[in-house]
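Enquirer: Right, I'll just put the structure down here and ask away after.
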Protein chains: 2
Amino acid sequence: MFYLIGLGLGDPTDITVKGLEIVKRCARVYLEMYTSILGCPQEELEAFYGRPLLLADRDLVEQGADEILAGAGEEDVALLVVGDPFGATTHTDFILRAKEKKVPYKVIHNASIMNAIGCCGLQLYKFGETVSIPYWDETWKPDSFYDKIRLNRLNNMHTLCLLDIKVKEPTPESLTRRRKEYQPPRFMTVAEAAQQIMTIVDKKDALERNTILNEMSLCVGLARVGHDSQRIVVNTLRKMTQTDLGAPLHSLVIPAKEIHPLETEFLQQYTTIKLEDYNH
Amino acid sequence: MFYLIGLGLGDPTDITVKGLEIVKRCARVYLEMYTSILGCPQEELEAFYGRPLLLADRDLVEQGADEILAGAGEEDVALLVVGDPFGATTHTDFILRAKEKKVPYKVIHNASIMNAIGCCGLQLYKFGETVSIPYWDETWKPDSFYDKIRLNRLNNMHTLCLLDIKVKEPTPESLTRRRKEYQPPRFMTVAEAAQQIMTIVDKKDALERNTILNEMSLCVGLARVGHDSQRIVVNTLRKMTQTDLGAPLHSLVIPAKEIHPLETEFLQQYTTIKLEDYNH
């Protein structure tokens, strides 16, 4: 059997009891480490499970399905992923590869940022489409995520913004070489995300800035959700560009324009702005 | 400390290791049992935890915060909820009550239908606002959820429909009495939900039926997500009204009109309809 096991928000004890039992009895256990990050080093996880883990990088997960699934028809093999197994398209794809090879599979669900984001007090059911904000560089500044935030705002839905993660990215110079060199890992902060959104907003006309989003619009910055060091800050978009929430992972939420009183009361914990009569 | 602990999808071993450690050491542990249902009887949970649980019904959770939080400043008290603690408004409210009383609290996240729904292969980030479909009776047939499905369809987002649960509902006759009598528990099936949606759709004009939703539109019925007996079926709305997925809980998804090829490939497992050239 092939098991795709969600590790939850990244602390070793966030695995479910069911997941842990499976990890202990598997012949091989792979740990996927590039679509998100763990809150602890691999060694700590291995000590907690009492077994070694095989590291699965992007190449192995996206092109090495044969290697990971080898023998999974006869013995138990697991792939561990941070969050829930269906949080990233690449894992859905992996299940299809297992099906193709007629390998029986089972999914062990867990919390992911997609539902844990409710911890800021904004009601989960009112979130619209989720956007991913990619790192810009000098020549590549995609801004299509703004249109989705816009659509959600127009329809009075909250927007969860997932912030870019660059892990094991080849350096541009080594892209064409056989032996790749890798950039140091980078994790987008809420300040960087807010800055990119501000850059887009600054280009819009006054009408758009009045009706959709402007520098005074509220946003919610979250860091290390589910960990003891979790931080949540509510601020204006402008001030969020200067808000330091510390170590990764960060997420940003652009709330709907109309917020329920219960949501307001909850968000008020995280800001000195008087939310009750704030209207952006 | 007051702990709000998510039990995940309802099997005893779906609790996280962190959650289980807390449950074992708490002075009192309450089990909330009306916003969702467990996949096992309370006794099985108590045997697994090796401790008794106090049952928390709607009255106790919504009006008995004092009782549940009593002493939680000095000793550890936990409230267990199916899914993730932030899945239901009532739990967010409960945290605010704890804050009001200056009781320190911690939330232990877990999977909930809000992220586990990804198991059908539709990408989570493409879901719009979630709707709740309430049971209709002879005089009360609210249909505002349709407008949200409509908006999601127009904006090419999937819609997760949470189906009504009636647990410990007073009978209409006993509503005014001091001693309430309760109706037997009811859990809406995907067939019942599809039927109510069909009733609304049948009243719409031809343009609406052509552009938004009609009896040939595809929908995804899910039952007992995350359990060994999990079932997923893709069908037309019309046929879903006659699809029996067995025991609760059920959920229904109305996909966006445009579906990504990877989503189509995944959904194809659950239907005999040839999805590749299906266009509703």
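Using N, Cα and C of the backbone, Cβ positions are placed for all residues, glycine too.
All annotation found in TrEMBL is predicted automatically rather than curated by experts.
Feature list, courtesy of TrEMBL:
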- B:1-172: domain 'Tetrapyrrole methylase' (DOMAIN)
- B:Leu9, B:Asp84, B:Gly87, B:Ser112, B:Ile113, B:Leu163, B:Val225, B:His250: S-adenosyl-L-methionine binding site (BINDING)
Enquirer: Would you list the binding-site residues among B:Leu9, B:Gly87, B:Ser112, B:Ile113, B:Leu163 that come within less than 8 Å, Cβ to Cβ, of chain A, in the order they occur in the sequence, writing 'none' if nothing qualifies?
Expert: B:Leu9, B:Gly87, B:Ser112
Enquirer: Check each residue in the chain of B:Ser112 (S-adenosyl-L-methionine binding site) that is at least six apart in sequence and keep those whose C-beta is under 8 Å from its C-beta; list them in sequence order.
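Expert: Expected: B:Gly6, B:Gly8, B:Leu9, B:Gly83, B:Asp84, B:Gly87.
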Enquirer: List every residue in the same chain as B:Ile113 (S-adenosyl-L-methionine binding site), at least 6 positions away in sequence, whose Cβ is under 8 Å from its Cβ.
Expert: B:Leu9, B:Gly83, B:Gly87, B:Leu160, B:Leu162, B:Val225, B:Leu249, B:Ser251
Enquirer: Enumerate same-chain residues with a sequence separation of six or more from B:His250 (S-adenosyl-L-methionine binding site) and a Cβ-Cβ distance below 8 A; give 'none' if the list is empty.
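Expert: Counting only residues 6 or more apart in sequence, the Cβ neighbours of B:His250 (S-adenosyl-L-methionine binding site) under 8 Å are B:Leu163, B:Phe187, B:Met188, B:Thr189, B:Val190, B:Ala193, B:Gly221, B:Leu222, B:Ala223.
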Enquirer: If H, G and I count as helix, E and B as strand, and all else as coil, what does DSSP give for B:Ile113 (S-adenosyl-L-methionine binding site)?
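Expert: Helix, per DSSP.
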Enquirer: Please give the greatest C-alpha separation between any two of the S-adenosyl-L-methionine-binding residues B:Leu9, B:Asp84, B:Gly87, B:Ser112, B:Ile113, B:Leu163, B:Val225, B:His250, in angstrom, as a whole number.
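Expert: Between the outermost Cα atoms of B:Leu9, B:Asp84, B:Gly87, B:Ser112, B:Ile113, B:Leu163, B:Val225, B:His250, the distance is 17 Å.
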Enquirer: Using a 10 Å cut-off, grab the number of neighbouring Cβ atoms around the Cβ of B:Asp84 (S-adenosyl-L-methionine binding site), all chains included.
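Expert: A 10 Å sphere around the Cβ of B:Asp84 (S-adenosyl-L-methionine binding site) contains 30 other Cβ atoms.
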Enquirer: Could you give the mean pLDDT over the domain 'Tetrapyrrole methylase' (B:1-172), rounded to a whole number?
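Expert: Its mean pLDDT is 93.
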Enquirer: I'd like the number of other C-beta atoms within 10 A of the C-beta of B:Val225 (S-adenosyl-L-methionine binding site), please.
Expert: 23
Enquirer: Other than its own, how many Cβ atoms are within 10 Å of the Cβ belonging to B:Leu9 (S-adenosyl-L-methionine binding site)?
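Expert: Other Cβ atoms found within 10 Å: 27.
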